[in-house]
Amino acid sequence: MAEMRVNIAGVEWKNPVTTGSGTFGFGREYSDFFDLSELGAICLKALSVKPRQGNPSPRIAETPKGILNSVGLQNPGAEAFLSTELPWLRQFDTKLIANLAGSTIEDYVQVAEMLGDSVDMFELNISCPNVKEGGMAFGTDAKMIENVTSQVKQVSKVPLIVKLSPNVTDIAEMARAAEAGGADAVSLINTLFGMRIDVKTRRPVLRNNMGGLSGPAVKPVAVRMVYQVRQAVKIPIIGMGGITTGEDAVEFMLAGANAVAVGTAGIVDPYAWIRVRNGIEQYLNENNIADVNEIVGAVQMND
Ligand code: SIN
């Protein structure tokens, strides 16, 4: 059997598959379907200092090969997470990644301080397109990325992943800014900013008008960006965007991802994470590859 362990910024995952933040909640619903210890890591729904109600409904719309969401970072807040969700999650033998949300740099710093070393890694959410302050507003400006990363890094007791927005002209520049700010890893892509209009009412389908597109429709954009980021930075990459099968995950790893996140696929198939993990293993075994790390960045580009 092929070696499936990966090391992401000093944290060993038993396999390269994690969950896309926001698509898995805190795992309770999916634990009815499979043992969450099967995952390399669980990346949790965003956490802010105070609870957030999120945006008004409708906040999900179907699109061809994807979904558009404007959830707006709904979450119970860091305190409720620590008292209610974390003790439950600790029964599983997997790594936990807290996704940090905020409207200001001080918010991000405060939530990182509140969580301390209660989880294994942080993922800095500077790429949510669904909030007026924070989120993508930070993640589309290289100077802001470097600044917020370095300030959160100063107080982080666990490795810091920075989640990048695809809604930029030059993704490599954004990744370099995160690395310069002290990021231990980057994850990409968050959702592509989009819109749907109901032709009968002539109104946007989402109450918040616009939202973030995820699912198989975004995969080629995500693979291209992972490849470009791999050329630009040395730190590990967690690749995501439309992964549905083991082969999709292998594509991301060949492009340069050290690990992968599955998100939207789990909404139609609650076993998607297990299928993807098994699919990667099958690819390795069928191709006589001893270690999953061997395929990272192994794409051979045409001249
Ligand atoms: C949301 O809660 O609006 C989605 C999360 C994100 O895009 O980061």
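Cβ coordinates come from backbone N, Cα and C, glycine included.
Copied from TrEMBL, the annotated features are:
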ACT_SITE  C128  active site, nucleophile
BINDING   S21, K45, A46, N99, N125, K163, I189, G215, G241, G242, G263, T264  FMN binding site
BINDING   K45, N69, S70, V71, G72, L73, N125, N190, T191  substrate binding site
DOMAIN    5-283  domain 'Dihydroorotate dehydrogenase catalytic'
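For ligand 1, the neighbouring binding-site residues among K45, G72, I189, T191 are G72, T191, by Cβ distance under 6 Å. Reported as a whole number, the C-alpha separation between G263 (FMN binding site) and the residue listed as 'active site, nucleophile' equals 15 Å. When other Cβ atoms within 10 Å of the Cβ of G241 (FMN binding site) are tallied across all protein chains shown, the result is 32. Among the binding-site residues K45, S70, G72, T191, G241, the ones whose Cα sits within 10 Å of the Cα of C128 (active site, nucleophile) are S70, G72, T191. Within the same chain, the residues at least 6 positions away from G72 (substrate binding site) whose Cβ sits under 8 Å from its Cβ are R52, Q53, G54, N55, R59, N130, V131, N208, listed in sequence order. Taking the Cα atom of each, S70 (substrate binding site) and A46 (FMN binding site) are about 14 angstrom apart. Here the C-alpha separation of K45 (substrate binding site) and G241 (FMN binding site) works out to 16 Å. Each of G22, A46, C128, P129, N130, V131, G135, G212 belongs to the same chain as K45, N69, S70, V71, G72, L73, N125, N190, T191, is absent from that list, and has a C-beta within 8 angstroms of the C-beta centroid marking the substrate site. Around the Cβ of G263 (FMN binding site), a 10 Å sphere holds 25 further Cβ atoms from the protein chains shown. Farthest C-alpha pair in the substrate-binding residues K45, N69, S70, V71, G72, L73, N125, N190, T191: 16 Å apart.
Cα spacing between T191 (substrate binding site) and N125 (FMN binding site): 12 Å, rounded to the nearest whole number. The local packing around A46 (FMN binding site), expressed as other Cβ atoms within 10 Å of its Cβ over all shown chains, amounts to 26.
Around S21 (FMN binding site), a 10 Å sphere centred on its CB holds 27 further CB atoms from the protein chains shown.
Mean pLDDT across the domain 'Dihydroorotate dehydrogenase catalytic' (5-283) comes to 97 in this model. Cβ neighbour count for the residue listed as 'active site, nucleophile': 27 (other Cβ atoms within 10 Å of its Cβ, all protein chains included).
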